[in-house]
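Student: This is the feature table in TrEMBL:
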DOMAIN    36-281  domain 'D-isomer specific 2-hydroxyacid dehydrogenase catalytic'
BINDING   Ser48, Thr69, Tyr261  substrate binding site
DOMAIN    114-259  domain 'D-isomer specific 2-hydroxyacid dehydrogenase NAD-binding'
BINDING   Asp150, Asp235, Gly260  NAD(+) binding site
ACT_SITE  Arg211  active site
ACT_SITE  Glu240  active site
ACT_SITE  His257  active site, proton donor
DOMAIN    292-381  domain 'Erythronate-4-phosphate dehydrogenase dimerisation'
Amino acid sequence: MASLRIVADENIPLLEAFCGDLGPLTRVNGRNLDRDQLKEADVLLVRSVTRIDQALLAETPVRFVGTATIGTDHVDIPWLEAQDIAFASAPGCNASSVVQYVLSVLSLFLQRSERRTLDGLTVGIIGAGNVGGRLVRVLSGLGVTVRVSDPPLESIGADFPFAPIDDVLACDVISLHAPLLRDGPHPTWHLLDRQRLARLRGGQLLINSGRGAVVDSLALLERLQQTDPPLVVLDVWENEPTPVPELLDRCWLATPHIAGYSLEGKSRGTEMIARALRQWAGLSMTPAMEGLLPPPPVSGLQFTAQCAPLDALHRALMTCYDPRDDDARLRKLFTSAVSTGQSSGPSFDRLRKEYPVRREPTSLSVSVADTGGNTEAARLLSRAGFTVST
Ligand SMILES: NC(=O)c1ccc[n+]([C@@H]2O[C@H](COP(=O)([O-])OP(=O)(O)OC[C@H]3O[C@@H](n4cnc5c(N)ncnc54)[C@H](O)[C@@H]3O)[C@@H](O)[C@H]2O)c1
Ligand SMILES: O=C(O)[C@H](O)[C@H](O)COP(=O)(O)O
């Protein structure tokens, strides 16, 4: 096989291990990538911050494009197909990381609203694919009542508790997991528009860890400036990396598009596009992701028989991932950038580039002995994705 010249985003981990034998690998800043940097590239590997279209790729030798992400709204796939440029993404790679993010947010919400039980809690999920579908299963397993809006899946008779979108938006918690679609039969751009946002009330929680532009952010800001506003948690923003500062100020929790940033989620994304690239090049896959990751830290979690099961779940979730840490880091850097008159973009991107190692719940092992024989706590932990051993 002839050597392949690979240009890749500097934030794609483990690429050297998966593709180092294919040819020279040049790392670039994906946010600022331009056509001149691709004059001698056969392969381009990106993340979500690089717009892939004719303007970037025309008259370059690139024949394979891979994005180590679930979302593909930054890629003009029809144009790639028309040019016969091979394309691969990483469906589902970080779905369990996003579910972890939502569960941690939900657990903080339960604490904040002093709910001692999941009985009677309703969660509305918009988009029930790899992320939303997994969330439906986890929440249903925990005994939460779930309502789903996903017209494409409903039209093919998929097995989910479907409901009209207005009923989904009336739930206690609403979590958005639809892709950003600007056209087609079920567009999602500004799906939550001024009218729909006007119906949200105080006491409700809206979480967006899908794509920023699924919500009309200016209309959301207006809603948050009115009486009886809902609580809002945003991981994704319109116009990243420069969200509207006033909107960030009014969010309960604000994070810099890191819901999918577990070590496993990012590494799996690399593994999936590396596999596709090697297959395209006629080569077999050599290393597996698991062998390349450090062993997870030991949990050290212990519960008593008397520990309320929801408290046990909360402690396990916070041990694994506490979104308040990301919120604090974002607000600190953002406030300092805005107060000195600088763009918040570099701070937003720096937080993502220097993201601390975060492991998924499966990596946190709790034995039943550690749960103090508390079988209900053990059941909840297991349903939430933790490894519970007997
Ligand atoms: N914040 C993050 O770090 C992060 C991480 C992963 C994914 N994402 C985003 O989340 C999105 C969903 O991820 P996924 O893996 O579940 O994708 P997926 O493609 O597996 O599922 C998307 C689901 O949305 C449904 N859908 C399409 N149009 C809809 C509409 N109008 N209303 C309701 N549902 C609709 C589809 O039928 C599908 O079931 C991705 O496209 C990506 O943009 C964000
Ligand atoms: O679509 C995805 O997989 C996520 O949004 C992904 O985690 C985004 O991360 P980025 O590509 O911006 O580093």
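Cβ atoms here come from the backbone N, Cα and C positions, even for glycine.
Remember, predicted model here, so these are calculated numbers, not experimental data.
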Student: Could you state the whole-number distance in Å separating the C-alpha atoms of the residue listed as 'active site, proton donor' and Asp235 (NAD(+) binding site)?
Tutor: 5
Student: Count the residues of the domain 'D-isomer specific 2-hydroxyacid dehydrogenase NAD-binding' (114-259) that DSSP assigns to helix (H, G, I), to strand (E, B) and to coil, and report the three numbers in that order.
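Tutor: Across the domain 'D-isomer specific 2-hydroxyacid dehydrogenase NAD-binding' (114-259), the residues distribute as 43 helix, 27 strand, 76 coil.
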Student: Cα distance, Arg211 (active site) to Asp235 (NAD(+) binding site), nearest Å?
Tutor: 8
Student: So which recorded positions out of Ser48, Thr69, Asp150, Arg211, Asp235, Gly260 are up against ligand 2, CB under 6 A?
Tutor: Ser48, Thr69, Gly260
Student: As a test of the contact definition, list every same-chain residue at least 6 positions from Gly260 (NAD(+) binding site) whose Cβ is closer than 8 Å to its Cβ.
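Tutor: Same-chain residues close to Gly260 (NAD(+) binding site) (Cβ under 8 Å, separated by 6 or more) are Thr69, Ile70, Cys93, Asn94, Ala95, Ser97, Val98, Tyr101, Lys266.
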Student: Can you work out the mean pLDDT of the predicted model over the domain 'D-isomer specific 2-hydroxyacid dehydrogenase catalytic' (36-281)?
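Tutor: Taking every residue of the domain 'D-isomer specific 2-hydroxyacid dehydrogenase catalytic' (36-281) together, the mean pLDDT is 97.
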Student: Under a three-state reduction of DSSP output, how is Ser48 (substrate binding site) classified: helix, strand, or coil?
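Tutor: In three-state terms, Ser48 (substrate binding site) counts as coil.
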Student: Please list the DSSP helix, strand and coil residue counts for the domain 'Erythronate-4-phosphate dehydrogenase dimerisation' (292-381).
Tutor: 49 helix, 3 strand, 38 coil
Student: Take the C-alpha atoms of Asp150 (NAD(+) binding site) and Arg211 (active site) and report the distance between them in angstrom, rounded.
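Tutor: A Cα-Cα distance of 16 Å.
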